[in-house]
């Protein structure tokens, strides 16, 4: 029973007893003293245990869980209309921006995914269908298409018109699928040119000419083991980043689609637990792990809308008997003809083959082969943005420069099956991350690059008219507060929408790519100004950011980003505060990017009055292959060393501000693996505590595609196993958190770790989340609360 309850009980007894007249001043004084002591204790507790859900606390701002959503930029997926207006997705639904003013054109209902047709006459609404076992491969949805009629009266306020629509039920809705409202759809794709579409149901692709038309055309013949138009788990997670495996041609008259055979791929089994269900539900899905003998095999087909015929393509690779991943698919105009380009890579992802596919012959002829130098690899990012101009293709390859090599734009002139060597654009020493496209009138190519600094992401242009000189021009550099930019272009590459993610409040600019102002800078203006959002970010009191480059060896530097609560940084007398090292450390990751970063670590640090340190060392991206290659074949080694070295330097440089006796490390997924590895490799008691969420404990337990990309054909003995060296956890407190339904990093990893910690007699904290996957997204509040309580105990209570 609490102290407050005890006090109230006693107080009630005094009021109701027969001896109230016998109370003297001493008794009253004692009661008052007790009450005052309780009030002091409550006040002290409020100061010490900063509430997670209070907006402000005693004069200084504290971030809370709700800020994770309210401070997130509310706009995404921008697209141009025919009259140069801009359509975008927002929390509320689909909005259109005209002359700097936005209005809602289609509202979001119950969090449904909304996809507009090419002319925005129709909107597809996708609501998730029941999935009792929560199987990631069984995710389906109910699909409705709404006829979004033209405005009834342009003079009416939009909200009034929306109310009228609801009352009059003026919008016509169409249920899509073989069984209409009873159908569960696996994937859906509008034609980018017209209002027709395709969808996948029961592993087969179907075509419908318009929402109003009842007739369906079956495009493919998938079944129980052959799946058409969809990617399996490993392709969705590690290569394409999406579920559908369908590509409409630009003209809208052909559809390319991928198919795979899954009956030989091994399954992983997870369990879900439901109230009043006597038995758990088993969830089985295909997940080939490292060293797996069988990987999913994919084929590529084209369906012709005019003839209503499908043809499986004969992909002519030199080593056709070996296993190949499908890496990229894109329709491109080559010499005035639209053709399908497909890119393939070997199992270890260090060789690529590019083919051009023809409908008439049903052949994909080999046009380009490339073998990567030692300790280098290909990713989907290098070819997903492939583009063309006349008879030349442009994509990303490593370009050797002095003592380094950078991912840069390579051009390949096609020669009908005669293999040629690509040439590189004349660029500086920086990594190009993606190609946006080419303005064919001005012969200008646009791309994103990690420049002018490695921690930046900027939009560049480059003139193909004179490739003898470096004509690269940074477009987004002239936009204020835009060190981390993401751009979307119109079809003619004359206008760009640039989403600026930092370093301050995110915002969006619209850029005229064909005109320069008086300072020879590209003309730009705000797409829209969301004053409410801007004020919210400014009032949030985001931490002060310190960025440094520190030496960790003769050949390598580490980039660091130190975040300090603003009220602490501005104090006259600095008192050393705890430090939370937020680590990820995975291949090609950038943790010190100059963007506004507001994650759960910011909320926890705010509640704990601690600083956050992020570090990029060897293995990180943005600084060429010299850094990327360093971890090849040895995950969990040099990147761990660099983190520990950098922490030591930072603690020395900022010893007036950071308390070296109160250092915690926190990481999720690969970061969870890094957290455990760093505690193992650091000096004893270097870390006071550690939080590891959903960690990999040995990459032999992880998926083959990811692991073998970075480990190659290294034997099992070369794999780091964090469970082999756990003695430091006897002096470093550990909080281990994992979802039991994690389909990405299986709980198997934590189970093996738990077993070994118990064998060694290590005391640790454990929090498991039933029915929760890798992100624990529906348990964010609980995760933050548990982490905050754990770290506050570590920093302020434990000795």
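Positions of Cβ are set from backbone N, Cα and C atoms, glycine also.
The topological domain 'Cytoplasmic' annotation in Swiss-Prot covers 1-31 and is backed by sequence analysis.
Here Swiss-Prot flags 32-52 as transmembrane segment, drawing on sequence analysis.
For the recorded site, residue 64 (N-linked glycosylation site), the DSSP three-state label reads coil. The N-linked glycosylation site annotation in Swiss-Prot covers 64 (among others) and is backed by sequence analysis.
DSSP assigns residue 138 (N-linked glycosylation site) to a helix. As annotated by Swiss-Prot, N-linked glycosylation site applies to 138 (among others), with the evidence given as sequence analysis.
As annotated by Swiss-Prot, N-linked glycosylation site applies to 267 (among others). Annotation note: residue 267 (N-linked glycosylation site) sits in a strand segment as assigned by DSSP.
What Swiss-Prot records for 335 (among others) is N-linked glycosylation site. Taking the Cβ of residue 335 (N-linked glycosylation site) as reference, residues of its chain lying under 8 Å away and at least six apart in sequence are, in sequence order, 390, 391.
The Cβ of residue 481 (N-linked glycosylation site) lies under 8 Å from the Cβ of 500, 502, 503, 504, 505, 507, each on the same chain and at least six residues away in sequence. Here Swiss-Prot flags 481 (among others) as N-linked glycosylation site, drawing on sequence analysis.
For residue 512 (N-linked glycosylation site), the same-chain residues lying six or more positions away in sequence with a CB closer than 8 A to its CB are 494, 495, 522, 523, 524. Here Swiss-Prot flags 512 (among others) as N-linked glycosylation site, drawing on experimental evidence.
The number of other CB atoms found within 10 A of the CB of residue 669 (active site, charge relay system), across every protein chain shown, is 20. Annotation source Swiss-Prot lists active site, charge relay system at 669 (among others).
Here Swiss-Prot flags 742 (among others) as active site, charge relay system. According to its DSSP assignment, residue 742 (active site, charge relay system) is coil. Residues within less than 8 Å, Cβ to Cβ, of residue 742 (active site, charge relay system) and separated from it by at least 6 positions along the same chain comprise 270, 694, 772, 773, 774.
Mapped onto three states, the DSSP output places residue 774 (active site, charge relay system) in coil. Feature annotation from Swiss-Prot assigns active site, charge relay system to 774 (among others).
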Average model confidence [pLDDT] within the topological domain 'Cytoplasmic' (1-31): 37
Most crowded position, judged by CB atoms within 10 A, among 64, 138, 267 as glycosylation sites: 64
When distances run from the Cα of residue 64 (N-linked glycosylation site) to each of the recorded positions 138, 267, 669, the nearest one: 669
Cβ neighbour count within 10 Å of residue 774 (active site, charge relay system): 19
Helix, strand or coil at residue 512 (N-linked glycosylation site) [DSSP, three-state]: strand
Length of the line joining the Cα atoms of residue 669 (active site, charge relay system) and residue 138 (N-linked glycosylation site), in Å: 24
